[in-house]
Amino acid sequence: MIWILVFGLPLTVAAVIGACALLRMESLAAAGRAARLTPAPGGPAPDGGPAESRPRDDGAEPLPELLSRLLCRFGWLATVPAGVAALAGPAELSRVDWMVLGTSVQMDALARPLLGMTAVLYGLALAFIPRSGVDRGPALTAFLLLCFAGNAGVFLAADIVTFYLSFTVMSFTGYLLVVHSRSRESRRAGRIYLVMTVLGECAVLAGLLLVARTGITVLAEAPAAVADSPHRDAIIALLLIGFGVKAGTVPLHVWLPLAHPAAPTPASAVLSGAMVKAGLAGWLRFLPLGESEPLTGWGTAFMVLALAGGFLAVPVGLLQDNPKVILAYSSISQMGFLAALVGAALAVPELAGACIVAATVYAVHHGLAKGALFLGVQAWDRERLPRAVVVLGLVMAGLSVIGAPLTGGYVAKYGAKEAVGDATVPAAGGLELTEVLPWVGLGSTLLLARFAVVLWRRDRRREPAPALRGAAWACLALFTAVPVALVAAARPAFTMPGWTDPAALWGQSWPLLLGALLAVAAAALARRRELEDNRLAHPRGDTVPPGDLIAVEERAAAALLRLLRRGMTAARGVAGDVRERVAAAPSPLAGIGRVQERLGAWTGSGVLLLLVLAAAAWWTTTRGGG
């Protein structure tokens, strides 16, 4: 029964909103047809009856529109069953026969915390849609609920088919979130998102087909099957690419900085908080973590790409002037932290169990904190919450992302550093991963300081909004440490930090302190008069455009297209010259044509016939005489 509510309720609400939209469109079309047939004032009705006999608009709101507005306002309730299931749902394997061709789901140690985080984040995002200035709120509600069903299915899936179908539904519904505003920027972001999504889907499908070729369909058996497969390296490569697109792994991250500013703020919150975790879930479900001998090469590849994203996203994000773009680059950096844990588990199989638990706890922490930051942008722009409450909530969520003491990030990052143990990065001269990861926290501090400066410069427009959602957001932002600590404490393999341990406190504090010092120094330097027009001191977001690599790729593609067009034009010119010269030259076919004309005449044909008969008679006589 619980699974009917987890999946069926969001899908039903989305379907009803869609049906209401269709009825509304049909009603508008009928009204348009009636308006075209309306006679002039005082004239006869089209059917010959009096004009007063036609139905009148009494100003009442049509039932489909009223129903869709109600579902939009209370759509967040559709995520409650998933939250209840995450808290108290059955752990055994269950089968939902009515869904697709039969869906297998299981609430295991990975699914339970990720589903809980997803339910909270989607529920709050749905609550932020009504009276928020978002165009077509009911449609956005329906798209978010469809995406939620797919996102939940990714975490709960117990077989390959269910996982892939859920992943596909989530990915392609995400396109509808990106292009919802229908602006030029959103259409461009949607095209790039769709291209990257199709690329990732193809890689995931190919990888899963190779996994299924081993004869298994149950996800619990997938890591061992991949480890024993003769196509192991091909599967890992395909899954690195396919799930790397969703996880924002460099250089497959280019859709993230474009999709976040294009999508409405509630959609941005789930894109960065929950959807990117589907890529992490795919890696944890299918990669041979702890199932084979050390995969040093693949572990190094993951760690190099992870650290590239963790560090390179920082300078690019610092040059942006849109708070949602800055948060997007922060997500790329933080997902690099998670990918490094996966790389350590591949390189050192003995660490796999601890790394999987640490990655799960970190994913919950990042999803809640980053969702609170994205929704905080809307809270700053439009909500009626007092400025002090919004500032305090944003500060607490930001400190959690950085990993400051007494926050959820403090728990998650300490456990992650303990989980990687003595794992090293061979490409960095054998440098230990524990010595590198704290510097990601320094980058997060700088990015969030830039986010604070940009957001502070925006004007607040405090408009009427439901007080309950503001209170819910404030609770999430202020108390993210509570659910993260509960998830971590429930896992014996996770190393909890000492809340008063001086070494642990200093290890998590120095990136924050150093980053704050650098941010203050940069702000003081930017105030100098000689730097007033410096684009690095005062970024406007155009030094390195959002999407970074995609801008270079688009220019290269445009240059290549221009070159191809010039080549085709030149080729057409050469072909035309050749045709003209051939047409002007004497044709050798003219003599053949004259011979054919003579043979076609009666005289020529008769002479030829006589010669053939004479030759036949001579041959017969000669043969007979022999």
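Here the Cβ of each residue, glycine as well, is placed from N, Cα and C on the backbone.
Per TrEMBL, domain 'NADH:quinone oxidoreductase/Mrp antiporter transmembrane' is recorded for 157-383.
For 38-59, the entry in TrEMBL reads region 'Disordered'.
Sequence annotations record features per position, and here TrEMBL assigns transmembrane segment to 109-128 (among others).
According to TrEMBL, the transmembrane segment annotation covers 140-157 (among others). Within the same chain, residues 6-7, 10-11, 13-14, 17-18, 71-72, 75, 78-79, 82, 103-107, 110-111, 114-115, 118-119, 122, 125-126, 129, 134, 163, 165-171, 173-174, 176-177, 180, 219, 264, 266-267, 270, 274-275, 278, 281-282 sit at least 6 positions outside the transmembrane segment (140-157) and bring their C-beta atoms closer than 8 Å to a C-beta of that stretch.
Residues annotated as transmembrane segment in TrEMBL: 163-180 (among others). Tertiary proximity for the transmembrane segment (163-180) is limited to same-chain residues at least six positions away from its ends with a CB under 8 Å from its CB atoms, namely 100, 134-136, 139-140, 143-144, 146-147, 149-154, 157, 186-187, 189-190, 193-194, 197, 200-201, 204-205, 208, 219, 246, 259, 262-264, 267, 270-271, 275, 278, 282, 285.
Summarising the annotation, TrEMBL assigns transmembrane segment to 192-214 (among others).
Annotation source TrEMBL lists transmembrane segment at 298-319 (among others).
Annotated transmembrane segment per TrEMBL: 326-345 (among others), in sequence order. Here the transmembrane segment (326-345) has long-range neighbours at 244, 247-250, 253, 256-257, 259-261, 268, 272, 276, 279-280, 283-284, 287, 289-290, 298-303, 305-311, 313-314, 316-318, 320, 351-352, 355-356, 358-359, 362-363, 366, 370, 373-374, 377, 401, 413, 416, 419-421, 423, 433, 436-437, 440, 443-444, 447-448, 450-451, 454, 546, meaning same-chain residues at least 6 beyond its ends whose C-beta is under 8 angstroms from one of its own.
The transmembrane segment annotation in TrEMBL covers 351-377 (among others).
Annotated transmembrane segment per TrEMBL: 389-412 (among others), in sequence order.
Here the transmembrane segment (436-456) has long-range neighbours at 307, 310-311, 313-314, 317-318, 320-323, 326-327, 329-330, 333-334, 336-337, 340, 373, 377, 380, 394, 398, 401-403, 413, 416-417, 420, 425, 428, 507-508, 510-512, 514-516, 518-519, 523, meaning same-chain residues at least 6 beyond its ends whose C-beta is under 8 angstroms from one of its own. Per TrEMBL, transmembrane segment is recorded for 436-456 (among others).
Counting only same-chain residues 6+ beyond the ends of the transmembrane segment (468-489), those with a CB under 8 A from a CB of the stretch are 113, 116-117, 120, 124, 127-128, 360-361, 364-365, 368-369, 371-373, 375-376, 379, 383-385, 389, 392-394, 396-397, 400, 406-412, 415, 496. The transmembrane segment annotation in TrEMBL covers 468-489 (among others).
According to TrEMBL, the feature transmembrane segment maps to 509-526 (among others). Under 8 Å from some Cβ of the transmembrane segment (509-526) lie the Cβ atoms of residues 399, 402-405, 438-439, 441-446, 449-450, 453, 534, 537-538, all in the same chain and six or more residues away from its ends.
As annotated by TrEMBL, transmembrane segment applies to 599-619 (among others).
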